[in-house]
Amino acid sequence: MVTVQYSNDYKDDKNEALHTQYIFRTDVPHGGPAFHAASTGTSAHTPHKWEPGYPAAFGFGKINRFIKRGAGQRNDSKVPRRNDALKHGLNGFGSAGSKSFRALAVFGAGVSGLLSFATIAYSDEAEHGLECPSYPWPHEGILSSYDHASIRRGHQVYQQVCASCHSMSLISYRDLVGVAYTEEETKAMAAEIEVVDGPNDEGEMFTRPGKLSDRFPQPYSNEAAARFANGGAYPPDLSLITKARHNGQNYVFALLTGYRDPPAGVSIREGLHYNPYFPGGAIAMPKMLNDGAVEYEDGTPATEAQMGKDVVSFLSWAAEPEMEERKLMGFKWIFVLSLALLQAAYYRRLRWSIYKSRKLVLDVVN
Amino acid sequence: SDEEVVDPKATMEVTCKPKCVRQLKDYQACTRRIEGDESGSKHCTGQYFDYWQCIDKCVAPKLFEKLK
């Protein structure tokens, strides 16, 4: 932003033309000491006609500027008044404009807030389900990894409690290697299932024991069969469930451990069960996590809450297996980019410094 | 394995009850109000939710300390 710091009138050498020099500075923002110290050469600060280094080299203007800033407003006759009015006029318009815009924005926000309030008040809470609380998951920190022992237990819970109805068709046995089980353990687990493969050389499909490359087995052959077996409700695939539901990890844990008696006045039809966290309150799935339903390999007491925590850890891993690598990468690159930002800022200011401290002299013959 | 295993969430919900007495009383008052209603349109979901939200807020931060 260029701002005239001061002007200087002088007669030229032949004492004929009146020159006016307008000295522009680029290092002062809009609203800097513009024209306050404008003078017609009568002030003691501006160099006189006979002084060396005049007219353009107001290098010692640094001290001048300092003094002029301290000197405060100096309204001189012709030009300063005009420019001041112009500056204040522009300022005035700017501030009035921004003030009214701000007022309009605040009013708009208030109106929309009021409207949204009204709509929430009229809807039924059960429609959205009870808001689930936030649990302190061990893997939720910016540099926290999964609890892999919990993933292992959670897989056991899934396999023994959930897999009879819920598929996880995007997860393969090999994904578990190095995460929850060793390769041998996983191979043995995979070999327990029968997989349809083929066609063979005779053109027939055959069954074989599972391998690491096989996906997790599906309980039903298709969605229609799943619905038929579950009273019309489809048990969703759990591969991505913690990402597919709002606040997924907390929601799934709250849901699994939240089966309670319905409130007074609410009755659930036969075949459905009450769960306050489920939107609408009536869920087809019965309570599946009961104390002691699973016997953990590592001897952990299998309470409802423990099983819930473990299975949600497992489901979180299944939905986001890349999480640990992602967090490491994120930390590393945010650090690197911060350094790069500092370097870029320094370099930009270095290169711009010449333009920001420029002084332009406009020598006008009146 | 230990036969006496008790679900820590259930016990914590009981110990958090004193913190949510106001919501519990509101729910019980609602229950009494709608008693004998035959229309089937009156229910206490709101007070129920308020009570359980209070319990959840009390239980959630400390539950995982009791789990492995």
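The backbone N, Cα and C atoms fix where each Cβ goes, and this holds for glycine too.
According to TrEMBL, B:Cys16 forms a disulfide bond with B:Cys58, chosen from B:Cys54, B:Cys58. TrEMBL lists a disulfide bond between B:Cys30 and one candidate from B:Cys44, B:Cys54; that candidate is B:Cys44.
Proximity to chain A, defined as a CB-CB distance below 8 A, holds for B:Cys44 out of the disulfide-bonded residues B:Cys16, B:Cys44, B:Cys58. According to DSSP, B:Cys44 (disulfide bond) sits in a coil region rather than a helix or strand.
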